[in-house]
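Some features that TrEMBL has for this protein:
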type	residues	note
REGION	36-57	region 'Disordered'
COMPBIAS	46-57	compositional bias 'Low complexity'
BINDING	Leu103, Glu152, Asp176	S-adenosyl-L-methionine binding site
REGION	451-487	region 'Disordered'
COMPBIAS	464-473	compositional bias 'Acidic residues'
COMPBIAS	474-487	compositional bias 'Basic and acidic residues'
Amino acid sequence: MTSNSLHMLQRIFPRWRSAQTSLCRTIVNDAVATKPKTPRVRKPKAPAAASAAANSTTTADTAIPKHVLEYFQTTPGMDASVLKQFPPSILRKSSLSTERFYLANRTTAARIADVLTQDLPADRLLVEVNPGPGLLTEQLVQRNVHNLRLYETDASFEARLNATFNLPKDALRIGDFNGLWRLSYLDGFDNGQRVCGMLSGIPHRKWQEEVSFRLFSVIGTVKYLRYLMNSITLQSEFFSLGRYEMFLVMSPLLFSHIASTKDAGYKLYRGGTIVFQLYFEHEFLGKVPSKHFLPWCTTGGTKKLRTLHKQLIEDGAEEWYLVRIVPRRNLFDHLLPDNLGLFASFVTQHYVSRRNRIIPSLEHWIPHCGARLILNSNYTRKSSSKKDPTRGVLPSQLLKSVPLSSNDYVDNFNIFTEFGELTPAQVLTLFNEFINWSEFHQSPFMQAVESQKHKQQRFARSLDDDESADEPGEVQRAKSKKSTDTL
């Protein structure tokens with residue numbers, strides 16, 4: 001053994017002995033200091049009435065989040081007693097993908113009721129989705145609205161609504177009206193009649209006639225609007241009711257998905273935006289405080305989104321938008337019913353990227369067709385001095401839709417023109433010219449459309465699938481059942 005090893009051992013052993021000695025002393029001291037456990041003593045029972053009152057108070061305090069209760073108690077115009085009419089699950093914060101919201105302020109309910117009953121014919125049906133405790137329903141009844149139908153998702157509100165308003169038979173339906181897209185998706189697996197059952201009793205009218213009913217709802221995701229677009233494209237389910245008038249409360253981010261112009265960013269002006277603005281007329285009616293609706297929507301997870309999205313989400317934390325949408329009566333004058341599916345596929349194919357150049361993309365389907373566009377006098381004209389209808393409202397959003405046109409050509413069209421530079425009317429004009437070429441019916445485009453028809457039959461996110469969401473358990477079970485049947 002070397003001298004260095006001996007020197008190290010002389011330094012290590014004394015430290016090990018001192019550490020072992022201190023550990024033993026600690027164990028002995030703890031054993032001595034341990035006190036015997038005190039026996040449990042049963043407390044005397046409190047009176048039943050006092051116990052029930054204490055339990056109810058504790059439950060109420062626990063069910064209502066502190067920040068929600070404090071806001072309703074301290075903010076002028078808010079009534080904290082309304083919170084007791086909601087189940088605890090609705091009082092908790094929700095995510096950006098929540099589809100169900102409830103009105104919880106009487107002043108806002110009165111404002112919305114004034115808008116809903118303005119110029120409302122006495123015989124026209126008024127549909128309210130998710131009335132909850134009935135704050136808006138109360139205002140509608142006070143304004144002598146008798147032709148009223150309610151769709152409520154949560155069955156816990158059923159007894160209160162029936163007792164408070166003495167509703168006639170079948171005036172209240174328990175079902176997720178905002179989740180019609182989900183019911184339609186499930187019907188595609190087992191040929192069910194869930195959607196037809198939900199819409200039964202609503203009057204049917206032809207497309208060219210007056211609107212058949214007026215509806216109010218608060219929506220949280222684009223899925224509901226996408227379902228309305230798909231029903232028109234496939235001319236089924238909701239389309240069979242005819243034209244309707246909807247008053248929807250939505251976040252600024254959701255409004256930007258339907259009202260953005262070509263000046264907006266890639267994440268906002270997408271294929272779904274173009275199809276919506278061609279199918280529907282929309283009008284911005286005003287703003288409502290977002291905290292007047294339950295549950296409150298959290299803004300978590302915005303770090304993954306771009307700056308414009310962050311700003312829209314932050315705006316939605318304070319105020320939401322009240323928007324009126326109506327399907328265009330003259331839609332089929334510019335886009336034939338037989339071409340609805342072709343147009344949806346045309347937009348979906350070419351708006352995967354807004355930077356796709358028009359001529360190279362169309363020559364993929366019909367070779368050497370670019371010369372027809374470049375030599376067309378309608379496309380080669382110089383920029384005119386006509387006023388852009390989208391300007392003067394907002395730099396990147398339309399507060400009110402513009403009239404539909406199928407004769408709107410792009411100025412100074414060339415080989416570098418991109419799809420993102422087109423307005424919805426210009427997209428429709430280009431599509432109508434594309435399908436009128438003699439080579440169209442033998443082009444690969446028709447084969448691509450035929451191969452995707454079975455997917456469109458299920459409403460499976462066919463237009464502008466730009467967001468991801470977890471599938472509900474029922475949808476997953478339906479998928480597994482379908483795969484089992486196929487095997």
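The chain as shown is numbered from 1 upward.
Each residue, glycine too, has its Cβ placed from N, Cα and C.
All TrEMBL annotations are machine predictions without curation.
Of all Cβ atoms in the protein chains displayed, 19 besides its own lie within 10 Å of the Cβ of Asp176 (S-adenosyl-L-methionine binding site).
Note on Leu103 (S-adenosyl-L-methionine binding site): other Cβ atoms within 10 Å of its Cβ, all shown chains, come to 26. The 10 Å shell around the Cβ of Glu152 (S-adenosyl-L-methionine binding site) contains 23 further Cβ atoms across the protein chains shown.
When the Cα positions of Leu103, Glu152, Asp176 are compared pair by pair, the longest gap among these S-adenosyl-L-methionine-binding residues is 16 Å.
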